[in-house]
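**Q** Below, the features straight out of TrEMBL:
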COMPBIAS  12-22  compositional bias 'Basic and acidic residues'
COMPBIAS  24-33  compositional bias 'Polar residues'
REGION    1-33  region 'Disordered'
TRANSMEM  41-59  transmembrane segment
TRANSMEM  65-85  transmembrane segment
TRANSMEM  117-135  transmembrane segment
TRANSMEM  197-215  transmembrane segment
TRANSMEM  227-245  transmembrane segment
TRANSMEM  265-282  transmembrane segment
TRANSMEM  294-317  transmembrane segment
TRANSMEM  337-360  transmembrane segment
TRANSMEM  372-389  transmembrane segment
TRANSMEM  395-417  transmembrane segment
TRANSMEM  465-488  transmembrane segment
Amino acid sequence: MMKISTSMDRLLGGRERPRDNYDSIPNENETSQTLDERDSMVVFVNAIIGPGVVALPKLYQVSGWLFPTILLTAGGALAALATVVRCETVALMPGNAEFTKKVEFGAPFREWIGERAYVASHVGFYLAAVIQVVSSVTTVASTTDTALAYAFGRSYGVFVFDSWAEPLRLRSWSLDHCGQRASCQPFFTGEDFHGEIVLTLGYALTAAALVPFCLTDIRASLGLQYASAAACLACLVVFAGHGLLRAATEGFALRAASGSQDKTSGLVLFNLMYGIFISTWLNEKKPDVRASRVVYSTAALSTAFFVVFGLVCGAALEGLDWNALTYFAEKGTPWAVRSAALAFGWLVIASGVPVSCVMATRNLATELDERAALALGAGAPWAVGWLFMSPKAFTLLVSMSGAMLVAPLALAAPFALRLAADRPLRDEASVAAWFRGHLTHVADFDDAGPDDALPAALRRRRRPIYAGLVLFVGACLAAMAALMALAATRGASAKAYGH
């Protein structure tokens, strides 16, 4: 089934793959490059505004408004720069100055770093795509279950291994299970629900609606992408308006900072994942579309969306869950807000699912046959996604993947790759010597292209700047790991002493 080459066997034996034949990179047919600038901006906005956004209001309540706002703003700027640098690196691939050749995510790693880095990038890209799909579909499914319970009185779910005597059990859930609780999660709120593993009707309907789109390409789902962008703007107005109306009667209540910061970095970073998926868009955009213009404009718009949504809703609405859409879809909220919650789930978050599946499938197809790539890229995420329906599992998935997967791949790797394109790592005696050479290098001339990520005044010092950013991201990752370890230790200690 698999068509992994003999170079992979050499990799498993510990030897590096020889340099690829540049002619082996297939030419991209011009007719497949159909996304103009407007199409590209729509696709990018939808790629940036994903499932992680629904956790931002709760994050503002838990962490205060100061640190999330700083991280969203600074992280958004860094992610946009890293994404443009990634585009620049792809353009440096042999014969690809105008993005006329198909270059998947791992190709630059193989070209300038080596086979091991190529395989690691494959694994990282696939995991990022799967996590994006899983977090999206669980968010949409929960919102759908709430809407079903409101419209028809109840939703249904099959509980798996609820007991050894009854491994599969069909149960119903209604809004009556919420009682007086401010936060209510379908099938996880109620006296007789204790966080079991459940496959819900909302999840099944989500799969039935979205799986067909996962088997096509980005262009085939472009109509959904435009509907998503329009719904995003409309829902933002509705949610912010609802928060402002609530604040007018009850006031704002949000601290500047809180002692609970262990989830802040991971949840913020998860919303910066879009740079990982840039290669597929580069393969389908028209040659005259400037990558830097699309990336910077959509990143600025999306960062503003994140801050406004998190700040206003977090300050004005009490009792939010980590999935804010379940709050907006609950009984008691105005019908316009409930409708907006369902529209946001289905038209905004769900629209990114086919894109992630297509990207994962195409990336896998470089090493697997078509059927295997389709099964893993478009099938496997749906097979495991329902296991993360609980709020605790969803939050853990988003925060951990943001810190441990998104930050290295989306924020650090693009700068390291650009340095390797200037001075291939495979040609150096050691990584330390290679890195020191970049930190002290100042170019004698300007070799920038039209999509160069840095202003003209800084381009001669591109290499020390990028090397410094790699060190900065690495230091931030170390600090995040220490913070998470400390929070886990405190949680374990509190549990041991019964607090």
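Positions of Cβ are set from backbone N, Cα and C atoms, glycine also.
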**Q** For the transmembrane segment (265-282), give me same-chain residues lying six or more residues beyond its boundaries with a C-beta closer than 8 angstroms to one of its C-beta atoms, as numbers and ranges.
**A** 35, 40, 43-44, 47-48, 50, 52-53, 55-56, 59, 68, 71-72, 75-76, 78-79, 82-83, 86-87, 90, 99, 103-105, 124-125, 128-129, 132, 135, 218, 291, 306, 355-356, 358-359, 362-363, 395, 398-403, 406-407, 409-411, 414, 476, 480, 483-484
**Q** Which listed stretch (117-135, 337-360, 372-389, 395-417, 465-488) has the most C-beta pairs under 8 A with the transmembrane segment (197-215)?
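**A** Of the candidates 117-135, 337-360, 372-389, 395-417, 465-488, 372-389 scores highest.
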**Q** With CB pairs under 8 Å as the measure, which of the listed stretches 337-360, 372-389, 395-417, 465-488 comes out on top against the transmembrane segment (117-135)?
**A** 395-417
